[in-house]
Amino acid sequence: MDFLNAVILGIVEGLTEFLPVSSTGHMILSAKLLGLEQTSVLKCFEVVIQLGSILAVVFMFFDRLKEDFNLWIKLAIGFVPTAIIGFLAYKHIKTFFEPSTVAYMLIIGGIVFIVVELWHKKINYEGDTKTLHEVSFKQAFIIGLSQCFAMIPGTSRSGSTIITGLLCGLSREVAARFSFLLAIPTMFAATAYDSYKNADIFVQNKEALWIFLVGGFMAFIVALIVIKLFLKFVSKFSYISFGIYRIILGSIFLIYIL
């Protein structure tokens, strides 16, 4: 892996981590197109650039997080189910990382997005929960529980939490905001655990540190831009376009990767 690859993959991570399109699927496809093998170095690189994306959320919502203790309680409630199931099922989760799984889950998730949005349109429903302050502890727990589905590659953490948020009565924008914020404890924990499990690989590849940092920085900058634009988009439009995109990408996976 060189600096150009690091920049490209960092951009891909920043673009897709918080969109409901599966960053894992895009990273696998991008690595394939760049001719990169799934080596231990690439796995460590993915951990670092994911950290860059998380820091973008912290930076974006820092003032809100600093002032709203009640929000932290909701995030903790949402994080607990994922933490428990993720810790217990860590070894089994890694066995799901197959291109075929990613492809099928992309398509299934896309169909679900379209169905949910069309259903909401039919009954003229846009969500009763219009602000983060109105999100209840029960809603936070259910949305957090849905993150467990995102342990299956291709599902998308943001995708599963946003869909569940919509089904729980959150507006499109609030569902997206809560999904972003819930990523902070969830992704920090996942990144820390992966780093711990792969500590020896990091030590063995210290010469790649600058490449890791370049990728992480690119992911941070791009994620900041994407979060701002995405929130503006969902305040005006539905998630149907993302559902269609997922189905197209999943089909490309089935044709190209498999």
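The chain as shown is numbered from 1 upward.
Including glycine, each Cβ sits where the backbone N, Cα and C put it.
Pulled from Swiss-Prot, these are the features on record:
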TRANSMEM  1-21  transmembrane segment
TRANSMEM  42-62  transmembrane segment
TRANSMEM  69-89  transmembrane segment
TRANSMEM  96-116  transmembrane segment
TRANSMEM  135-155  transmembrane segment
TRANSMEM  173-193  transmembrane segment
TRANSMEM  211-231  transmembrane segment
TRANSMEM  237-257  transmembrane segment
> Which stretch from 42-62, 69-89, 96-116, 135-155, 237-257 shares the most C-beta pairs under 8 Å with the transmembrane segment (1-21)?
Replying inline: 42-62
> So which of 42-62, 69-89, 96-116, 173-193, 237-257 has the most C-beta pairs under 8 Å when paired with the transmembrane segment (211-231)?
Replying inline: 42-62
>> With Cβ-Cβ distances below 8 Å as the criterion, list the same-chain residues six or more beyond the ends of the transmembrane segment (42-62) that contact it, or say none.
In response: 1, 6, 9-10, 13-14, 17-18, 23, 27, 31, 36, 177, 180-181, 183-184, 187-188, 190-191, 194-195, 198, 201-202, 205, 208, 211-213, 215-221, 223-224, 227-228
>> Please determine whether the transmembrane segment (69-89) and the transmembrane segment (237-257) are in contact (criterion: at least three Cβ-Cβ distances under 8 Å, sequence separation 6 or more).
In response: no
> In the same chain, who gets a Cβ under 8 Å from the transmembrane segment (237-257) while lying at least 6 residues past its ends?
Replying inline: 19-22, 25-26, 28-29, 32, 99-100, 102-107, 109-114, 116-118, 120-121, 154, 156, 159, 162, 166, 172
